[in-house]
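Enquirer: This is the structure I have questions about; it appears just below.
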Amino acid sequence: MTEPGQTTHFGYRDVPLQDKQTLVNDVFHSVASRYDLMNDLMSGGMHRLWKDVMITTLNPPRDDQPFRLLDVAGGTGDISFRAAKASGAGFQATVCDINTDMLEVGRQRAVERHLDGQVEFVEGNAEALQFPDKSYDAYTIAFGIRNVPRIDLALKEAHRVLKPGSRFLCLEFSSVDVPGLAKIYDLFSFKVIPQIGRVVTGDAESYQYLVESIRKFPKPADFGEMMREAGFARVNWQVLSGGIVALHSGWRL
């Protein structure tokens, strides 16, 4: 329950905690139709390689063994589609996202890819999932958890819905740790990405928020501690591309 007067960050702004989700929703309503194109432009296509690392780490079964994936904040379906391609006939994914526009893009793409029988799309909140305890074989969230107002609640919910022996994977932007790269990365992030957003989507402000939100996300070690506090074991992370992103892993034992 939100305490009166509680605040959180929305990019570099402090906002009432209860207002953040609405503000985040407005961002993704604005960019949904061009979201995947913008990912390509902003990362120079690197997001595809990072997601490939995530799917390789997930290592879903390639036979007909049943495997249920919960892909949270996965609106356009990119992670679930990649996982389906790497899986066997027993694969089923639930894409859960709070944003209806992102989900609609995902549903259309699932039909186009003939994956609508394996990938379902459900509107839901990462902080209060509607799924039963111990019901999924894996949980993925890619570039989404930093937009959740109460990350601690989302992590506890992730732990709750996973079966014992199942894995949590979170792909998220991180802190550049290569000398010289940080300045270049900051220049590109703050000067170039919002302008790409303005040209492609007509919305520079949403991409300014996304850039700022990356800087406010916890360092890998701090996020790892949050995972442990939520109940995850064998917590670790893999830094990619000089620290631009990190793949976080934990297990429900």
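Glycine residues also receive a Cβ, built from the backbone N, Cα and C atoms like all the rest.
Not measured: the values here are computed from a predicted model.
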Enquirer: Using only what Swiss-Prot says about S-adenosyl-L-methionine binding by D97, N125, A126, identify which of T76, T140 is listed for that site too.
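Expert: Swiss-Prot names T76 for this S-adenosyl-L-methionine site.
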Enquirer: Please state how far apart, in Å and to a whole number, the two most distant Cα atoms are among T76, D97, N125, A126, the recorded S-adenosyl-L-methionine-binding residues.
Expert: 16
Enquirer: Counting only residues 6+ apart in the same chain, whose Cβ is under 8 Å from the Cβ of N125 (S-adenosyl-L-methionine binding site)?
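Expert: Looking at Cβ-Cβ distances below 8 Å from N125 (S-adenosyl-L-methionine binding site), excluding near sequence neighbours, one finds Q21, I98.
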